[in-house]
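S.K.: Input: one structure, supplied below.
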């Protein structure tokens, strides 16, 4: 259900584009994102900071697209959002000495410090590349190709990257399990058999 809510605006944007075109799709994306935030606020009582940022970006660039009747603005929106997320990770690490990924996922994942740093840098680099790739597609191909990439290409690359990150993290989880097993005391003797007592 959460995954559906997360992709709700982009799916509606894609459908609206195929039926009515880029400008109607942009308006639909704005309304859908506002509805998404309202639902999260009412249902869960909390909206993540990046979701507020996403709302601000779609309203700003989507609104500019509709007012200027120029789809260049909406095509820049994904790149700006990617770069904002990447910048947040870098600023947190370099300026505030705080790993934002660890702050978000540290309760669910037990990883060494070097693994968290690698993940943080990897995600920042991924967001930088995705932002640049979005503009390459936007300026070198037609709008229909860009919209298809936005839904299928972007999601596909994200999925591949997440799988790669999961494989990387699994190495450390296996090491933790091995260390825990090595630290486990020897099994108790069968019933009726006493262990030798030290004098």
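Using N, Cα and C of the backbone, Cβ positions are placed for all residues, glycine too.
Since we're looking at a predicted model, the values are computed, not measured.
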S.K.: Can you check which of 3-23, 24-44 Swiss-Prot lists as transmembrane segment?
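M.R.: Checked against Swiss-Prot: transmembrane segment maps to 3-23.
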S.K.: Of the listed stretches (47-67, 76-96, 119-139, 149-169), which one yields the highest count of Cβ-Cβ distances below 8 Å with the transmembrane segment (3-23)?
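M.R.: Ranked by Cβ pairs under 8 Å, first place goes to 149-169.
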S.K.: When you scan the chain for residues with a C-beta under 8 Å from the transmembrane segment (47-67), skipping those not six or more beyond its ends, what do you find?
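M.R.: Contacts with the transmembrane segment (47-67): 9, 22-23, 26-27, 29-30, 33-34, 36-37, 40-41, 73-74, 76-77, 80-81, 84-85, 88.
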